[in-house]
Amino acid sequence: MYDPQFEKYNQLLKLKEKADKAYYNGVGDPIMSDEEYDNLVDYMDELNPDGGVKTKVGASPSRSKSVKLPMPMNSLDKIKTQHEFDNWMKNWKPKAMLLVKEKLDGVSCLAVFTLEQNKPPKIELFTRGDGTTGTNITRLLNHGLKVGNDYCFDDMVNEDKWTTDWGCYLNAEAIDHWKKLPVKKVYIRGELIVTRKNFQTWYSNRFMNARNLVSGQVNKKSPDPKILQDIDFVPYDLVIDLKRPTMTHEVEHLLFRMIGATPVYTRFLFLSDTISTESMADYLERRKEKSDYEIDGLVIQVDDDTLFAPPDNRNPKDTVAFKIMGTTARTTVTHVEWNLSKGSKYKPTIHITPVSLSGVTISKVTGFHGKYISENKIGKGAVVLITRSGEVIPHIVSVISPAAKQDVLLPSNGVWKGVDIYYDGAEEPREITVKKMVHFFTSLGCLGLKTMTVGRLYDAGYRTVEAIVGADTKKLVLINGFRMVAQKLLPSMWVNVAKATPHELMAALNAFGEGIGLRKIQNIDCSKPEALEVIGMTKKTVETRIWPIWNDVLARVNALSRMAKSQLRKQETGSCEPEEDDDYNFGSYHPCHMPCQSSNKIWECRSRSPSAAGSASPCRPTKRRDDWFDSSESSCATETCVVESPPKKRPPMQGYVFVFTRFRDKDLERQITALGGKVLNNVNQNVTHVITKEKGPYKKPYTGKLKFALDNNLFVWSLVHLKSIVADEQEKLKRQRKCRARSPSPCGTACSTERD
């Protein structure tokens, strides 16, 4: 007989198995977060309490790699409510000591040390797998992974060391028991994990999270030794005899440190009525901020040796895991709304029958992308399980009952590109154009130019960024409702556009499409835009998305900057005549600049009067090419003169790569970029200077960036020192511009053959 509840359970079981393989065995990227996974398991347990989904945690590795673990690595029962916490605490005597450890979000493993007299220690390493079978990853120890210091193991098999040096920490029974073991085996459970600092410094631009980084190296046939050196083995449990306890947790931590490993952060608490899920949640949030590693919960253990139970396939009773969980609810989909992004991508929003989660009424959730809607058959009538935790956007945990085929509605005018659907119409809709313009202005910090205001400007005929930047305020103020826009918003917008760097303007225009924002664009060397190696982008991306449209993007950026400066001058002086120091550092062409004849580029020639020969145009335009940073020679050919251009000078800060630590300064970043330098968010091998707010000597603890600079002998400058150097270089450039302006060419025109 068909049982719909049993069918639902089997569907969710397949989803759980897929998630287990991705998370524990590194088969692809994780398909759901830890919270989504826990909610899925809870719901499956409600459907089938006898299914055992809560006791089986992990995934069996492939048969070719699986081995039986030397010691079972059982999971932990989870506590989520105060009622569950109270029931667990009733099992222990009052004033019992509790150990509260960080629950690290890494790759769980088991290290087995075999120690014998007069023999080098033998170390084996295993992944947890499903708790019974795992994978032998001992080979990683030959590629740079460290789980301890070898020289310490000699002391562990030295009976004198145990009796004299460590005797004050161990009881006589433990020492006697250890000495009688013919072959001494130490089992240490721990976590392979990368510190948050190292991940943010070196790997955040290449990997989704630290766990993906470690999992990928563990499952690689040829792991990267440099990455393995950054992976820490953090121990949290030590067993010497699988049948009996041998030491207290204080001694356990001492032994961890003696073998050269830093144990997991642990706090000791007395069991009392004041301990609650609320106090644990507060403590967890504090540890998430302070911990060296990513953590996803707490492990709470009773510190009592008499409770020791031989490791088996059952979850321990004296230890539980505490996590902050979001609530879940079942609801029905009413319809799917498709909205266009600024990049012409359709983004789905799923509307549902309103339900209450954590005291908040939820009526819609994110649909992720087109493939998610299509594959999961989400449409009118679909029954879904949703979740919400804290301020996280509500989303679907699982689809309990899919919609009928005819109710799964996708955009009719769309085309598939990967997992997304893109608009494929002949004309760009109003929705996309407005979002593009809003993104431009908000990216540059222009106040007041949001969706409603920009939409009204669009309806009034201002349908491009250029149209708004170049708007005539006298005409705009005559349109009903646009007085404040013309008098206040536009002038402040011109200031922001005028002072923006070329990279910021390109990013604001979304010039190279979605996925290539300011962080990646900043890595493009404007002096060599055709270079195929750009940090953060593949060679294919540069070849197909950057270089083919570089000149067009550059021309548009030049025009916008020139237009904004002209508007500001017009507002201040009533004239749009460019000033002598108005040349923008990335190749601007003023309206009164005429292109001069050149073999490789267009040089600028300011025309103040007709040429001596009476020609209408003082310069003869020739074939143009926009390689504006090429340093080849140029000449201005007229009927009466030929002006040879000097070679282009190197920008004063070209080759300087700065990183700021403990402060941000957008204006200073723009000034450095204008002088040819770069400012990065994180340190890497290209950084030349690290900038601090204070002058040396520097107080400990050092920031990660400062420590990197000191370890690698980089320049460390104070903010005051950097600002003085930038000011000096800017003053030099101003003097050079004035000098060039006073040096007329033989044809009676002031020729600017050198760009700053």
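In case you wondered, yes, glycine gets a Cβ from its N, Cα and C as well.
Predicted, not measured: the structure shown is a model, and the values here were computed from it.
Neighbour density for K103 (active site, N6-AMP-lysine intermediate): within 10 A of its CB lie 20 other CB atoms from the protein chains shown. Following the DSSP three-state reduction, the secondary structure of K103 (active site, N6-AMP-lysine intermediate) is strand. Swiss-Prot lists K103 with the feature active site, N6-AMP-lysine intermediate, giving similarity to another entry as the kind of evidence.
Marked as region 'Disordered' by Swiss-Prot: 610-630.
Among the features that Swiss-Prot reports, compositional bias 'Low complexity' is placed at 610-620.
Taken from Swiss-Prot, the feature domain 'BRCT' applies to 648-742.
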Across the domain 'BRCT' (648-742), average pLDDT on the 0 to 100 scale:
82
